[in-house]
Structures are given as C-alpha cells and as structure tokens.
2 protein chains.
Amino acid sequence: MKVAVVGYGTIGKRVADAVAAQDDMKLVGVFKTTPDYGAILAARRGYRIYAPDDRRENFRKAGVEVWGGLADLISEADIVVDATPDGVGAENKGLYVKAGRPAIFQGGEEADVAEVSFNALANFESAVGKRFVRVVSCNTTGISRVLSALRLNGLGIRKARIFIARRGADPREYKKGPINDVVPNPATIPSHHGPDAKTVLGDVDIVTVAVAVPVTIMHMHMAYIELDDTPSRERVIDALASTPRILLFDVKAGYNSLAQIVEWARDMGRPRGDIWEVAVISDSVTVNGRELYLMYGVHQEAVVVPENIDAIRAVGRLADKWTSIEKTDKALGIIAHGKRYG
Amino acid sequence: MKVAVVGYGTIGKRVADAVAAQDDMKLVGVFKTTPDYGAILAARRGYRIYAPDDRRENFRKAGVEVWGGLADLISEADIVVDATPDGVGAENKGLYVKAGRPAIFQGGEEADVAEVSFNALANFESAVGKRFVRVVSCNTTGISRVLSALRLNGLGIRKARIFIARRGADPREYKKGPINDVVPNPATIPSHHGPDAKTVLGDVDIVTVAVAVPVTIMHMHMAYIELDDTPSRERVIDALASTPRILLFDVKAGYNSLAQIVEWARDMGRPRGDIWEVAVISDSVTVNGRELYLMYGVHQEAVVVPENIDAIRAVGRLADKWTSIEKTDKALGIIAHGKRYG
C-alpha cells in the first residue's frame, strides 16, 4: 500500500515516520507548504517532498528538492493521509475524490468529511473497505480507548462525565496561549469531545467539559464513570492494564506528574519523546460501588499516530483489527501488554 | 578507563549514557538513592546499580538488583563522575580521597571542591593529570564556549556583559517554580556565572545578571561583548560556526523560539531531545564597531555532558584536547563543523 502524507506538521511528520516503520506499506512522499527545517529533516530522512507549484523556488533555495505538486503526490499513492490544519482536509477532499484515492482525515475536520469516524479499539471494523475515514482527535482518542477498555472487559457504561484540562498549545507553537490563565474551551457544555466520542463508541451517555491550561506537554482527563456493575478496583485495573495502548503509571515509582511521564518517554529513547499510549495515573483509579474515577494523560502530538496506521489497514483491508493493532504497536515500539491482542 | 557515575539524575543519567557510548572508557555502574523508574530503566540498559546499604531492600522490592554500596562502586572504578545534588559532591569527596580515586564534580559544587574548574574549549590542558576537576555549570559552560570561540579565532575580549533568562526548573521538577513570575536570581550583581566563568577563562572582564523565568526547556543568554577589534559580522559568524559545540539557528529556517530548537532536536531523533551544543540565534548576531550582541540558548540538561567526557580524558591523559573533543562529539552525534578539530 503506497501512502502519501499531506501536511507535515505535528501529526503528519509522525504519521510519515510510522508509515515508514511498517512492512506492509510504503511512504511515497509528503506534501509540505513551507521550506523550513522540517522540510530539510524530512528530505534528509529520504522522504520525497512535494510542495505547491508557486513555492518550489523557495524550497530549492532552502536546498530541498521538490518532486512535484499535490496532484502528483496523490496520483502516486494508493491512499492519502491528510494531516493538514483543521478545515484544510475538507478543502482537499475534492482532489482525493477526483483522483479516485481513499483518504484518512484527522479529528480537526468535521465528522461529515468522512463516511466513518475511527478509533482502532472502538470501531475498527466499521472502517474496513471504506474510502473516507476520519481518525478522531487526541482527546476523543483517549476517551475512546478508556471506555473501550472497560467495555471489552465486560464492564458496561451507564454514563461517562469527563473533565479535561487541555494543553494550551503544542511545544512548537510559540505564539499560542494561554500562558497564565484557565480558559473554558469551550464555555458551553458539552465540549465537542463527548459528541465526537459517540461517532466511534456509538450510543453512550457521555458529557465532556474542557478548559485550556498553560501546558504544552499533554492533556489531562479527570473521568467520572458510572458502570452497570460494581466491579472491584482490581478488575478495573486489570481491564485497563490488559488493553493495548493504555499504560499505568504509579506515583510510588516516581510518576508524580505528567512531566515525569514525559521524562520516562525521553529516558526510554522514544522518538521525539512520544507517548502513543493513554497514560493512566494508576493511583487515581478509584471504585466506589458503580462509580469509577480515574485520571489519565493524553499526549496530543502522538496518541493518534497508531490509529492512523490502523485506519490505513482498515481501508486497504490489509489486516483485521487485532492483527493490525499488534502489527502497528510492534513496529512503533509501543509497550505490549500481551493479553489483549486477538 | 573504568568510570563510576555517582548520582543518577538529570546530569548523571546522561553522563552514564555518554560514557557508555565511548570506546576508550567503560561504565562500571551508577549509584542511585531511590528505586524509581530511573533505576528500573538504568537496569534495563544493562547498567549496574549501586545503592545505599539501608535502601537495598527498597530496590529489591522494585525489582532492581543492587550490586553494592557507594564504597563498592568507587573501588571498582578508575575514576568517579559525581553528579549528585549541589553540595553532596563535596560531602562525597572524602570517600574518593580515601579510595584514592580521581573525581569529576559538577558546577553546583563550589570551585574549591576541585583543583581546577573545567571547560573543554577554554582550558582542557589545565585539567590534564589532575585528580579533582569540576565541570562548570550549564550557564557558565555556555558563556565559556561563546567567549572561547571568539578568542580561538583571534577576537580579543575587552569586556563581556551577559544577561541571562534562566529556566526556572528542569522538566521533571514538578514542584519547582516560578510559574508566573520573573525572579532576580540572584538579585545581587554579578550573578555567580561571571566569576565562575573566570575559573576557566582566566582573566576576563565579565559581569553577569540573571533572572529565572517560567520555562523548563532551556536558558537564554543575551550577550553584549566589547571586542578589542572591529570585526565584520561575517567574521564573528564564522568564528562561532567553526567552533565545535556551537550551532547557529536561523529564524528564516523556522527557528522562531527556543521551543523550535527543541523541536529540531526531537525531529533529529536525539536521545531525550538533547541539545549538547550552544544554540546561537544567528539573526541576533549584531556587530556595531567594537560591540558584539548575540542571543543563544543553553540546554541545561545536556550542555555539560560532553564536557564531563572530556574531563575524564584529561584526568586520565587519554587524549589531547582536540582529539578528545572530536572523539566525544562523534560518539554522541554532536554536529561537527569540521573546521576546528585539531
């Protein structure tokens, strides 16, 4: 499966690396609009750079060879991953339709850009053979994984109320805030994450409330979930621990804050310090009758990357759900719990 | 040369990795006081862990094998790198003296802990064959490299006035501030960095002023330097660009802020996103007669790491200055300018 990555920012560059790491797909090139250091590093990795026709001269001046324009890149691929800024994917869709190429969009697009919204644990099968699939956003991915972990382990959900402290900006977004404020984001309730989670989880009673805080490293969710049953804490911990792409971090091992979890990822030698897994603060997992409380971190730069790879496989019918999840995770170096693959 | 690393925090863990990457020294073990995730990851890397006798049980409970106590580790090494918190190095020194082992201390110790303070570019030779050497702190290392780059290229310094926006804490220091403040650090002038720089640069007229800001990624220095001569800007740029462990970053390539330089390091696949080089904002390099202005970033977690390796070589007489610098840089993956080695 020949894959084009359109948009080479926070998500695009990571998806490109992840595609290049798989043995059943090939990165044919990336489309980038500015000849900055990102373009230079991509070229140095051996990725073919495609750029807008009217900017090729700028790329050439920066020493970056350009292999063609957007239409050229699309025509050389079997599938496109569109990781452009919010709304640009919808504008690009016409080109993918015209070229007869399937495409994966990101969560910044409206749900109706695609036939189906996607999270590997929640609804892999619904994307199989589809032409247009949208990977839900980082926060929605976090929610979908945690709620799926419960469901997959027989813990039905009566309702979920999730309170999100969003990172204000990505590390490289030096102009974006807030820097000393807490911003209702949005002020209206629910935030878009709850309804968005329903696009992959189906009928679930979920309300989300979100604020933005002066942080660039990760989101933090504080979840209150009412279960059908009254499980032990151990059963919930086991459900989380046995699910791929969820990791548990104990305060007693030194994980006192999200920064410590980031430090772990750096010490692990992960590329860019990426945390592809949902990072559950294990000490926070509390069960009180039907009530479950927990906190978990979501690395906004990385968490959707494995989902994009699985979405490619679903569209291309390259593998079934658990085979794809395991394959993606092994190729990326995601920590395997070993229980729940297949 | 068998090397022990005592203290396995921000600097110690990086020095351990750097030692392990050299072909003329061997890491015999690391001394650590808490069995947190850092200990677990160190053990997984194959490093032998040494711990205080009264805490061995805690390490064992965390699944970390302990090879002995501090005295055991010291006795197995030819040299010790002490990377313990400020002041602990001086307390440990008696053990090194007693065991007859030379030691490298960090800049958090007072200068009199050692026979000589050290920066590879500034005064490698003065550490050759010494028993106790102190690598100056991250900020002082940055200053020493920039002023050495000028001197090594024939640009004499009349005076240097350097204004420092210090990072408030390291990324993992979740309890440390400031978070919304600018703190004179110290309020008295000069800050310790100026006098400290003289310990490696010798007689230079330098005054430093420092504030702490709500940042964890890097320090930023704003330097005003009066030169003996009136060089062209190009000559200064060439002096900086031709000196090892100094890199130039252009705003037009997308390096608009320190976070962008960190992003570059992450995209480069560097371990922990480390930036061992002084990161000069090239657009800031301004020459006006004898006056030179520039801004540069200093990655507090990483910048002293290559200096520790060179200090080991100086003490052990393993290599001369330029051979050691080149060897260290190649082993770590530091970008070589190719001009100034030897």
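Quick reminder: no glycine exception, Cβ is built from N, Cα and C everywhere.
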Remark   = From candidates B:Gly69, B:Gly94, B:Gly100, B:Gly108, TrEMBL puts in the same NAD(+) site as B:Thr10, B:Ile11, B:Arg167, B:Gln300 the residue B:Gly108
Remark   = Record-listed NAD(+) binders B:Thr10, B:Ile11, B:Gly108, B:Arg167, B:Gln300 have a maximum CA to CA distance, in Å, of 16
Remark   = Once DSSP output is merged into helix, strand and coil, B:Asn139 (D-glyceraldehyde 3-phosphate binding site) belongs to helix
Inquiry  = Roughly how many Å lie between the Cα atoms of B:Gly194 (D-glyceraldehyde 3-phosphate binding site) and B:Ile11 (NAD(+) binding site), rounded to a whole value?
reply    = 22
Task = Check each residue in the chain of B:Arg167 (NAD(+) binding site) that is at least six apart in sequence and keep those whose C-beta is under 8 Å from its C-beta; list them in sequence order.
result = B:Ala212, B:Val213, B:Val215, B:Thr216, B:Ile217, B:Met218, B:His219, B:Gln300
Query = Mean pLDDT over the domain 'Glyceraldehyde 3-phosphate dehydrogenase NAD(P) binding' (B:1-138): what is the value?
reply = 97
Request  = Take the C-alpha atoms of B:His193 (D-glyceraldehyde 3-phosphate binding site) and B:Gly108 (NAD(+) binding site) and report the distance between them in angstrom, rounded.
outcome  = 11
Ask   = When DSSP states are folded down to helix, strand and coil, where does B:Arg167 (NAD(+) binding site) land?
value = strand
Among B:Thr10, B:Ser137, B:Asn139, B:Gln300, the one of these binding-site residues whose Cβ has the fewest neighbouring Cβ atoms within 10 Å = B:Thr10
Task = Could you check which of the binding-site residues (B:Ser137, B:Cys138, B:Asn139) sits closest to B:Gly108 (NAD(+) binding site), going Cα to Cα?
result = B:Ser137
